[in-house]
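Enquirer: Quick one: structure below, then a few questions.
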Amino acid sequence: MSDIKKAVLAYSGGLDTSVILKWLQDTYGCEIVTFTADLGQGEELEPARAKALQFGIKPENIFIDDLREEFVRDFVFPMFRANTIYEGEYLLGTSIARPLIAKRQIEIARLTGADAVSHGATGKGNDQVRFELGYYALEPGIKVIAPWREWDLLSREKLMAYAEKHGIPVEMKHKQGGSPYSMDANLLHISYEGRHLENPNAEAEESMWRWTVSPEKAPDAPEIIEIEFRAGDPVAIDGKAYKPHELLAELNRIGGKHGIGRLDLVENRFVGMKSRGCYETPGGTILLKAHRGIESITLDREVAHLKDDLMPRYASLIYNGLWWAPERLALQTLIDHTQQAVNGVVRLKLYKGSVSVISRDSANTLFDQNIATFDDDGGAYNQADAGGFIKLNALRMRIAETAKRKRAQK
């Protein structure tokens with residue numbers, strides 16, 4: 001790919017992507033465009049602009065974009081309409097951010113006339129797959145540079161040596177060994193990987209967690225909140241309307257102080273290995289519980305069961321980087337159709353790491369108290385009808401048992 005003229009780099013301004021920027025300049029000799037996404041990671045992003053300028057990047061080739069609203073509105077909320085969980089635990093905070101970054105990189109490539117894109121994902125992880133499947137889905141002819149699959153800088157020490165050799169500033173934390181974890185954050189979650197977490201038998205240190213208090217140290221009194229949903233998406237907390245990204249940030253704040261959303265798991269990566277990660281997803285944990293609560297009274301039984309059947313497949317598509325694939329888009333159409341009547345208010349109790357639904361109400365409720373009551377229903381439900389229903393559903397099992405007995409007599 002030596003004929004590359006211009007490349008758009010997903011650039012955080014940190015050590016890894018700063019080394020990549022210099023390496024791209026030296027290895028490919030091409031013009032570089034940097035793109036830094038604000039997904040609510042809580043970091044000051046303007047230093048990335050200053051660092052890019054130090055590398056000689058033209059001011060017009062430096063993009064720092066606030067994507068928080070688009071991220072939550074067009075990616076997080078659609079995913080939560082499906083009650084998406086990967087392997088029974090993971091709420092996909094990293095996975096769902098990658099398709100948006102890839103989308104914006106391709107948009108910038110078109111805007112600037114770039115013929116290539118580049119990312120800082122390693123050759124061992126899922127992110128390389130997520131980024132590149134997105135690139136190719138949105139721009140089939142794009143060229144992709146994945147430095148971690150090309151260079152020999154395969155350790156933190158080699159990265160630092162390269163940085164010092166080329167005058168790339170190395171923060172003191174890296175010189176002293178840095179944070180013991182590889183972290184990734186956005187409005188949905190913060191993740192921790194690496195170092196002693198690579199031993200699945202080692203307990204995560206309490207000092208690692210950044211967004212949530214220890215459940216043991218959370219308030220001794222529970223907090224009750226209300227979340228209003230409209231067409232499957234949350235729109236208000238305690239009667240106050242929020243924009244999507246503001247609502248998720250507020251749920252993170254509320255959940256964090258009650259120790260909600262901590263997770264320590266071993267997951268199966270798409271590339272084949274098992275990986276241990278720790279996550280904090282306070283707002284997402286509350287949102288998932290609330291959404292299932294409002295669906296419990298607004299969704300038809302078979303529709304709800306169908307959604308539950310399809311959800312693991314939908315989750316795997318997102319985890320594996322197939323957000324832009326036709327099968328994910330088809331599933332999204334179905335999921336969104338099911339959400340038309342998912343409107344109403346859910347009340348939840350937050351207490352020392354737990355979140356519980358305590359009430360739910362909707363103008364579209366399918367819960368009929370007159371039928372469900374244990375008291376006299378005035379003939380709304382004829383209990384005698386249940387006998388025939390049971391016999392018909394037992395018919396196939398009765399036939400099977402009768403046939404088994406006949407075989408045993410031969």
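Backbone N, Cα and C atoms are what each Cβ position is placed from, and that goes for glycine too.
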Enquirer: Looking at Swiss-Prot, Ala10, Tyr11, Ser12, Gly13, Gly14, Leu15, Asp16, Thr17, Ser18, Ala37 are annotated for ATP. Which of Gly113, Gly120, Gly123, Gly125 sits in that same site?
Expert: Gly120
Enquirer: According to Swiss-Prot, Tyr90, Ser95, Asn126, Arg130, Ser182, Ser191, Glu267 bind L-citrulline; which one of Tyr136, Tyr279 is annotated to that same site?
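Expert: So the L-citrulline site in Swiss-Prot includes Tyr90, Ser95, Asn126, Arg130, Ser182, Ser191, Glu267 plus, from the candidates Tyr136, Tyr279, Tyr279.
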Enquirer: Rank the binding-site residues Gly14, Gly120 by the number of other Cβ atoms within 10 Å of each Cβ, and give the residue at the low end.
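Expert: The binding-site residues Gly14, Gly120 were compared, and Gly14 has the fewest Cβ atoms within 10 Å.
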Enquirer: Can you check which residues sit near Ser191 (L-citrulline binding site), meaning Cβ under 8 Å from its Cβ, same chain, 6 or more apart in sequence, and list them in order?
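Expert: The answer is Gly93, Thr94, Met183, Asp184, Ala185, Gly277, Cys278, Tyr279.
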Enquirer: Can you figure out which of Tyr90, Ser95, Asp127, Arg130 (the binding-site residues) comes closest in space to Ser18 (ATP binding site), comparing Cα atoms?
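Expert: Comparing Cα positions, the candidate nearest Ser18 (ATP binding site) turns out to be Asp127.
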Enquirer: Long-range same-chain neighbours of Asp16 (ATP binding site), Cβ under 8 Å, sequence gap at least 6?
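Expert: The answer is Gly120, Leu159.
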